[in-house]
Amino acid sequence: MDKKIFMDYLPEELMEFGIQPKFRTKQLYQWVYRKYVDDFEEMKNIPKDLKAKLKKEFIINPLELINHEIATDGTEKFLFKMHDNHTVETVLIKMKDEEIKDGKIKEAKYTVCVSTQVGCKVGCAFCLTAKGGFVRNLSAGEIVAQVWWMKKFKNFDENKALNVVYMGMGEPLDNYDALVKAIKILANPDGMNISPRRQTVSTSGIAPKIKRLGNENLGVNLAISLHAVDDELREQLIPLNKAYNIESVIDAIREFPIDKRKKVMFEYLVIKDVNDDIESAKKLVKLLNGIPSKVNLIYFNPYPGTNFKRPDDATMKKFQDYLINKGIMCTIRKSKGMDISAACGQLREKEINK
């Protein structure tokens, strides 16, 4: 692609391209990220010569929306095409409806599940994304644009709050530089102004980069795709564990700066007759000792060709009750978007006519 992607850049970087004075970058950010304008010609307070320069050098929005599906539970999945015809999927989940309380409208709460790569290198045994292999990293702008589309599409300035989770296609920490820049762009007060406290990075456990992310002091939340409590099983489920075993991941988490009001989220995908027994729950309690933790139990979502099976509700409840009785906050994630393949582990690149 000959032109640069506007959404790839922080305001100070735009100034290096000759976009001066400083207030111009603020105006541009507000047009793009507050008014959702993706055509420089529509920016009324930008000088004509600057518009011409920008049109020649930049495209604003790098994603083309080519498909939109809505599940029976209201979960929405978006398929985007990029300049090279590769595609990524983004999922929007409504967590809480608007409500009227004391005569005031309380905002609805949504979570957008953002992709960071086309495909994935990690190769988790239970995840459909990795079946097609790794294709490429997304740029910061291609990550940011997924959130931009959600805010534009759903008019999020009207009684709607949006949280961002980097839990879509790909391993976020394997695309580290673009991830960090995207976090900063989303948080910029002249733009979408999504605080890092409302952004969660989910990782399968690249221990050195967990430490590096902590040293950035961005204030983001951390989620760990744990899924097993011993290395032998975790290596079968998550091959990355051969490079970074459970102990190294836990050590990195202990060094990660956690807001006193927050906890580290541990995602535990429960697979029938694999990791759903009480002995696994006991080991999990021991493993998380001393870490401010919240465990999110996730039903395995079957897909064509897998031998893994979904656990029953009684087993999930028994596992949850054991953790709670041991003082660990634990929730069971309600699988959303299963009928449109938008649930955990079901996202993948789609073939399109090229």
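Just so you know, glycine gets a Cβ as well, placed from its N, Cα and C.
Features as listed in Swiss-Prot:
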ACT_SITE  Glu89  active site, proton acceptor
DOMAIN    106-339  domain 'Radical SAM core'
DISULFID  Cys113-Cys344  disulfide bond
BINDING   Cys120, Cys124, Cys127  [4Fe-4S] cluster binding site
BINDING   Gly170, Glu171, Ser202, Ser225, Leu226, His227, Asn301  S-adenosyl-L-methionine binding site
ACT_SITE  Cys344  active site, S-methylcysteine intermediate
Let me spell it out: for each of the binding-site residues (Ser202, Ser225, Asn301), count the other Cβ atoms within 10 Å of that residue's Cβ, using every protein chain shown. Which one has the most?
Ser225
Could you say which of the recorded positions Cys113, Cys124 has its Cβ with the most other Cβ atoms inside 10 Å?
Cys113
Cα within 10 Å of the residue listed as 'active site, proton acceptor' is the criterion; apply it to the recorded positions Cys113, Cys124, Glu171, Leu226, His227 and give the hits in sequence order.
Cys113
Nonlocal residues around Gly170 (S-adenosyl-L-methionine binding site), in sequence order (Cβ under 8 Å, 6 or more apart):
Ser115, Thr116, Gln117, Val118, Gly119, Cys120, Thr129, Asn137, Leu138
So what's the mean pLDDT when you look at the domain 'Radical SAM core' (106-339)?
93
Could you tell me the C-alpha distance between His227 (S-adenosyl-L-methionine binding site) and Cys124 ([4Fe-4S] cluster binding site) in angstrom, no decimals?
10
In sequence order, the recorded positions (Cys113, Cys124, Cys127) whose C-alpha falls within 10 A of Asn301 (S-adenosyl-L-methionine binding site):
Cys127
Same-chain residues at least 6 apart in sequence whose Cβ lies under 8 Å from Leu226 (S-adenosyl-L-methionine binding site):
Gly205, Arg234, Ile246, Val249, Phe266, Glu267, Tyr268, Leu284
Long-range neighbours only, meaning 6 or more apart in sequence with Cβ under 8 Å: which ones does Glu171 (S-adenosyl-L-methionine binding site) have?
Thr116, Gln117, Cys120, Lys121, Val122, Thr203, Ser204, Ile206, Leu240
